[in-house]
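Visitor: Below you'll find the structure I mean.
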Amino acid sequence: MQSTPLNFVPNAAKAPVTPGQAPDARWSREAIEALFALPFNDLLFQAQQVHRANFDANAVQLSTLLSIKTGGCPEDCSYCPQSARYDTGVEAEKLMPIDAVLEAASRAKQNGASRFCMGAAWRNPKPHQLDAVADMVRGVKAMGLETCVTLGMLKQEQAAQLKEAGLDYYNHNLDTAPEFYGEIITTRTYQDRLDTLEHVRDAGINVCCGGIVGLGESVHERAGLIAELANMEPYPDSVPINNLVKVEGTPLAGNEELDPFDFVRTIAVARITMPKAMVRLSAGREAMDDALQALCFMAGANSIFYGEKLLTTDNPEADADRKLLARLGMRVEVQDHMHHESHVGAQSSHCHIDITPAD
């Protein structure tokens, strides 16, 4: 029999917080590090309990991500092949025409996606660029798809414009812990990112915010990223967890491979600390075998990016995704769009589509 919904917050979460952390933080960094230190099976067991209390454990949302403006970005994010500062073979392109974007969105819906994300390699959008993106949002929304964009930094009035267009989610990742951030990016500050997230939240748009693991961060710094996310008020509605995709020409191309179990642990800790968030298995999935992806679902991931490209890096082919989900007995979830202002009603109306692998 289902007991009262579980929101796993150990007593350790009440421990003294780290310097610079708000004294009323829901999760101290020490408590999060304690989760990372749990035996693997214990951590996954707790994460699965939290997941089942808040979601259908056998359902996954399919998202498609389209790069609507590729390359030529002036930023110096050390992991990114779209930076104009690195020779990665990614050529700068113009913003895609609206008709081409809507055609891609239509294909995504036909292939089973319920969420369509649009990414542009900008530091921050100019007024005419934002006007075009707002029109794209309106067109995608008219198809019945959930919408998300990631365009760089936003001003308050720009966030309001996207809200007026009907945008559901704005993605702006923190990437890593504050103290490690300067090792990865120098062209925008951590506070710049927090300011954009505040503008998005104030406009009434759902926040999509996560990070990247495998950048060379320590477990302490990985816990710091989760602490920043989990202690947002409210914590993000959508939390993409990315595994570094090493691209030749970027400063991080020679990084050591992350232990796969450490990636699964990060998914599990995100699920425990942000129980009602959509935890999205994001970049790096192309290099994961089926067993590792299954462990990520067990740990609480309930969304994948679906399609052949994730911005400029490979992503598992759609047919392989369908076959994997079918082998696991998982279903595609098509959720009514929700704005969890206080993360209430995470189990609102939804339907499921059984997955049949293509021949």
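Cβ coordinates are placed from backbone N, Cα and C, and glycine is handled just like the others.
Not measured: the values here are computed from a predicted model.
Annotations per Swiss-Prot:
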- 1-22: region 'Disordered' (REGION)
- 58-285: domain 'Radical SAM core' (DOMAIN)
- Cys73, Cys77, Cys80: [4Fe-4S] cluster binding site (BINDING)
- Cys117, Cys148, Cys208, Arg280: [2Fe-2S] cluster binding site (BINDING)
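If you look at the structure here, what lies around each of the features I listed?
Guide: All protein chains included, Cys77 ([4Fe-4S] cluster binding site) registers 22 other Cβ atoms within 10 Å of its own Cβ.
Residue environment of Cys208 ([2Fe-2S] cluster binding site) contains 27 other Cβ atoms, counted within 10 Å of its Cβ in all protein chains.
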Visitor: Determine, to the nearest whole angstrom, how far the Cα atom of Cys80 ([4Fe-4S] cluster binding site) is from the Cα atom of Cys117 ([2Fe-2S] cluster binding site).
Guide: 18
Visitor: What is the set of residues, excluding Cys117, Cys148, Cys208, Arg280, whose C-beta falls within 8 angstroms of the centroid of the C-beta atoms at the [2Fe-2S] cluster site?
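Guide: For the [2Fe-2S] cluster site the neighbour list reads Ser63, Leu65, Arg115, Thr150, Tyr169, Asn171, Ser238, Pro240.
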Visitor: For the binding-site residues listed here, Cys73, Cys80, Cys117, which shows the highest count of neighbouring CB atoms within 10 A?
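Guide: Selected residue: Cys117.
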Visitor: Return only the integer: C-alpha distance in Å from Cys73 ([4Fe-4S] cluster binding site) to Cys208 ([2Fe-2S] cluster binding site).
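Guide: With the alpha carbons as reference points, the distance is 21 Å.
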Visitor: Give me the long-range Cβ neighbours of Cys148 ([2Fe-2S] cluster binding site): same chain, 6+ apart, Cβ under 8 Å, in sequence order.
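Guide: Once residues fewer than 6 apart are set aside, Cys148 ([2Fe-2S] cluster binding site) is near Ser63, Arg115, Phe116, Cys117, Met118, Leu167, Asp168, Tyr169, Tyr170, Asn171, Cys208, Ser238.
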